[in-house]
Structures are given as structure tokens and as C-alpha cells.
Amino acid sequence: MIRVHVPATSANCCIGFDSLGMALDWWATFQFEPSDELIITGCPKEYANEDNLVVQSFLKTCQHLKKEMPTFHLHIDSDIPFSRGLGSSSTCVVAGILACDAWFQAHLNKMEILEIATDIEGHPDNVAPCIFGKAVCSFMEEGKPRMMIIPCADYKCLAMIPDYPIVTNEARKVLPSTLEYKDAVSQVGHALCFLQALQVGNEMILAKSCVDHLHEPYRKKLIPDYDSIHEQCQEMDLAMWISGSGSTMLAISLDPTKLNQLQKDVETKLSIQCRQMPIASKGAWVDYE
Ligand SMILES: Nc1ncnc2c1ncn2[C@@H]1O[C@H](COP(=O)(O)OP(=O)(O)OP(=O)(O)O)[C@@H](O)[C@H]1O
Ligand SMILES: N[C@@H](CCO)C(=O)O
């Protein structure tokens, strides 16, 4: 039996649209056993068929390795919610690729895995930290991802998870096609300072560098609770962003008491479910039985 353990991720991190993400210490497990036919358990019925993203990612990896697609029993054990901006689709993609690699003992290296995963997801910002852990920044060069791992100071994360989904494809349709030059200049400055503050643990600069021009101004309209949470985070000098394409919002801090206070307010005043976790220091991994 092959078991793949895969972390949730928070992409964009405010200023890094499609190019920055971090792995969260919140794990899903995907178990694969040989079987005479494809069986999928542990997920809603509508996903229990060959279109399942895990199965499709396994198939794509078979094609890459020039191997026949085997049949297996896939059991998914995940409480990472769908379409909430916590990288649930990336967990499926990375799990399918790693399982196929393990099945055929192909020993793909992590960059090859990232290339296949990016091809499937369309952008590397979730799949890269899912594979490598920590925070990862990336860009695309002639269709291939280039990336750097960013070691992070000891930040804790608070995920504030509304009870409504936002499908990534829909959330991409609200984005503009052009950007003012002055906004591009502002974005570069904020992004550079964000990365440095993330590494060295400068919480004040991290909070101030959370100003985005690429997606948050457009997507916040899809999240009715954004404005009040954003306002409270600004008052508390807390870094906060729309996680992935939403609807989750993530706040991070070195000081757990600040996150506890925010969590209490968000749960009681807005009835939004919260969960705290550190940044995951490692990425997806496989074990065998
Ligand atoms: N446990 C699961 N079982 C089967 N399919 C899943 C599972 N989790 C996620 N998926 C697939 O991923 C899709 C959700 O992807 P989507 O990109 O909309 O959201 P997300 O990955 O959760 O958020 P984001 O990309 O913003 O972080 C689902 O429609 C389904 O196809
Ligand atoms: N960068 C992606 C992450 C969600 O998959 C987006 O914001 O659309």
C-alpha cells in the first residue's frame, strides 16, 4: 500500500499573486492499493469516478513515464475543505503524481514533479509549497516553473474559513487585464519587503507590506466578511490576506496571543470557523506498507 501525505497551502500571500505560497501544517492522506477496478472512497460521490483529480494526475504521470495506467483503490482522508483557498486541488494533484512515482518506483526528482503539477494546476503557487514545504516563490519561464524556497521565521497562521466556497476558475474571471504603472511599482516594493519580513521575522513590516493591486481589490467583493476582518487586522498590526482565491482569509503572526484574540472575535462576532497551525517545514511525503 502507498500512502501519500500532502499539506494544505495558502497561495498568493497577498502580494504574490500566482507566484508565492506557503505550506500549512494541516495534512491530507491519500492511500492507494492495487485493485481489479478503480474504487474511490472518502470523498463526495460526484468525485468518486475516473475524472477525480487525483486519478487524472496519476494518469498524467503515467503518460509522462510511458507506463500503463493501473487500477487501484484510492481512499482519501482529508478535512481540507474544497474551494476555500486552502489548496485542496493541489493536494489531489501532488498526491496523484507522488503515488504514481512510488507505484512505478520512477524516482522523479522534485523539479520534475513540480513541472507535471504546474502543468495540471496552471500555476505553481500552491503546488510548489505543497511539494517543497515552507514558503516558495516562483515564476514561469517558457512554460516551466522556476522557484526558490523561502525559510520562514516562526510565524503561526490563523485560517478564517467562511462556510461558502469560491471556485478558483470563477474567482479568476473577476480579475482585470491591465495594471497602472504606479501600482506595479508599489506591488514590487511591497512584495520584496514581505519576503524579507517573512524570513527575518519583522512582523511590523510584514503587516504593512500586505497591500495588493493584482487580485484582492477585485476578489474581496466575493467575500462579504473581508472588510471587517481586514480592518481588525490593520488595527492589530497583523499580516492578513485572502488565501488562494478565497474564501478563506489567513492572518499570520509571531505572537500567538494576537491570533487567539482575532480568532475569538471572528468566531463570536462573525460565526466564521477558524483553525490555527504553523507553517509546514516540509512538503508532501510518501510511506509504504
Ligand atoms: N478531497 C477531495 N476529493 C476529490 N476531489 C477534490 C478533493 N479536494 C479537492 N478536490 C478537487 O479540487 C477542486 C477544488 O479546487 P479549487 O481550485 O476550486 O479550490 P481549492 O484548491 O480548494 O482552492 P485554492 O486553489 O484557491 O487554494 C474540487 O472541485 C475537486 O475537483
Ligand atoms: N494563484 C491562484 C491560487 C488559487 O489556485 C489564484 O489566486 O487564482
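A Cβ is built for glycine as well, from the same backbone N, Cα and C atoms used for every other residue.
Bear in mind that the values here come from a model prediction, so they are computed numbers and not experimental data.
The following features are taken from TrEMBL:
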- P81, F82, S83, R84, G85, L86, G87, S88, S89, S90, T91: ATP binding site (BINDING)
- 52-134: domain 'GHMP kinase N-terminal' (DOMAIN)
- 210-268: domain 'GHMP kinase C-terminal' (DOMAIN)
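Structure coloured by features recorded in TrEMBL.
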{"residue": "P81", "record": "ATP binding site", "Cβ neighbours (10 Å)": "18"}
{"residue": "S83", "record": "ATP binding site", "Cβ neighbours (10 Å)": "20"}
{"residue": "G85", "record": "ATP binding site", "Cβ neighbours (10 Å)": "31"}
{"residue": "G87", "record": "ATP binding site", "Cβ neighbours (10 Å)": "33"}
{"residue": "S89", "record": "ATP binding site", "Cβ neighbours (10 Å)": "21"}
{"residue": "T91", "record": "ATP binding site", "Cβ neighbours (10 Å)": "30"}
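One way to see the shell of the ATP site is to take the Cβ centroid of P81, F82, S83, R84, G85, L86, G87, S88, S89, S90, T91; the remaining same-chain residues with a Cβ within 8 Å of it are A8, I80, G244.
Per-class residue totals from DSSP over the domain 'GHMP kinase N-terminal' (52-134), listed helix then strand then coil: 47 helix, 6 strand, 30 coil.
With helix defined as DSSP H, G or I and strand as E or B, the domain 'GHMP kinase C-terminal' (210-268) counts 30 helix, 9 strand, 20 coil. When pLDDT is averaged over the domain 'GHMP kinase N-terminal' (52-134), the result is 97.
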